[in-house]
């Protein structure tokens, strides 16, 4: 073999010079793609095939193999169709026509293929290359396909043009991670069941992208003939209605969708990373358009708040109690394909033909796609008309269709519109980034182009100002709402009548100081209750409290020493199960001595907190509630951590790891869900207090200035300055007005707004009159306004899905 190669190489050198020009001339006459590549410059890299599979020849054998094959091909003056199919490249990523034919399989008869043409569409996306492949058959028929492949070239070029700076080496790697996830998400979408009635391109083949191993590609229907609306124009109301008819199918399918959809398409946090890192681009855009600086200064801080984007994009609907719906995620001009007004026209009609580009599909806010579309694709006038007329109409249509389909829509019109307003904020802030990329922020040389840009900028900042105005209005209204509720609680709402419980026992855990002791004083001094059963861990404090109650108020007191942190729950007195208990106050609680997340706390501290703060309330309620139900009377008061309703970021580690450890609204879920299920108990009220919007650094309690100026009496009762780190939050019995008057705090705070935030926790209205209530259950918040830490942890949310308390106890005790 080696001698044959040497001989053939000698032969090839003899005819190479004289035959080269003739070969090129004859190749051009054949108009063959592969022959046009035969030049001295690119010859060493050419692909030559002798079978149906491609082979990359080694350089040592190249001269002979290349020229010998070329001589055989050109001397016969014919090219095999098979040869052309294998070698025709599709795009820049190593795919060929042979790959396409193999992927389509039985959809094509490869023996009847006469010619294959490939061209790049001029409307490539930012993160993909789009190729149109035309296959001609011997019977004069043609088939057209679109091949979509992921790449970073376009987005990189757009950013370089925008910033007028060359991207640094390795910048591609920053895009590839997120791009891989998004592209593979679209592949998975096309692999799922087709959503009835939703117009999307047909997908013939899709393969996932594994960078460095497998080229990602999607082969789909060619929508040639359809058009898109240019991004510098606006959709009209008829077009918005046509889009709504398709969203109707998507949202109707989302009601009761399978868990597989939720698992495959969770909300992509990469989207949060993208929108929260766009400040520099927007600043550059504003700097080149000075008329925007005043408006931008009002929202600049919002761009730097990643938590804000997380709330309004991912969590805004959850806090409203709305289920997840499927979202397209990128519903804007170039992903909406329209039927043209007439054949061959480039003007879009009012009939939507197809929705493309599903790489950002996810579960989330039902209004997300409407926010995106109305913000990015409509001028101010059209958007406001759509908000006032289209959105309510769409909700009614969805509700009617759900009834027809036999599905239950757990959504009110008020929830729907509130979900829209919340999500709209993020898209209004995102719009300048997209506009700057589309316009490349460089001032236009043409006056007409600059006029169009100014119109777009006007629409952009109108949307942004609407978002900011909405935010300010909500804050003001919340402040007024809090003040009105506070006045109602302290001056209008009557005290609860406790006379029917005077002959029953009041059981209090943690009643020797702080909140628990404040309850005892209120009950015995002003409510006439004389029977108390105290449970605490300090025998001296228990005896002192007992002595004080007996000598000063003539109370009957029983005590039991129990440390919820160390003692087993089974050691609690059994007589509690048969004792005639009228009021149960679960007040025992501890707090960590350091600020940190679950992973940052010392070993064993989390278990102690769970045991004291959670299991004490669970076990005490389990023991006492059945007898209350039997006697058809009773009150349960649970003191909960403020962080049960608001989670705090406590460290840099949390931000780096993108972790959020929400504490559990411990007694709230237990009493509103589990007790009702187990004991068929109805509740008079439940309290979900709002938390202060205060971002405090890691400080000791005594270093916080508001604490030094609080009235002494309030400080004594609340225990804010001291070991207990608690505050009186007595909603059921109401402390005297001189201690908790909402107006008494204002002079001790630097602003009325801060005062309102404090009042929103200390003095919320909880009384809701209802019918046929047997057991009254109150959930009260223990303040953590000045020290933010986690009393409870994320795993409690899963624990409370268990329906029986015995199962809960066994699980937790084995866990500890």
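Backbone N, Cα and C atoms are what each Cβ position is placed from, and that goes for glycine too.
Quick look at what Swiss-Prot lists:
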type: ACT_SITE; residues: 661; note: active site, proton acceptor
type: BINDING; residues: 503-534; note: NADP(+) binding site
type: BINDING; residues: 641; note: substrate binding site
type: TRANSMEM; residues: 743-763; note: transmembrane segment
type: TRANSMEM; residues: 777-797; note: transmembrane segment
Among 527, 531, the most crowded of the binding-site residues [Cβ within 10 Å]: 531
Other CB atoms within 10 A, centred on residue 515 (NADP(+) binding site): 26
Listed in sequence order, residues with CB under 8 A of residue 511 (NADP(+) binding site) and six or more positions away: 517, 519, 520, 532, 534, 535, 536, 545, 585, 587
Residue 503 (NADP(+) binding site), number of other Cβ atoms within 10 Å: 11
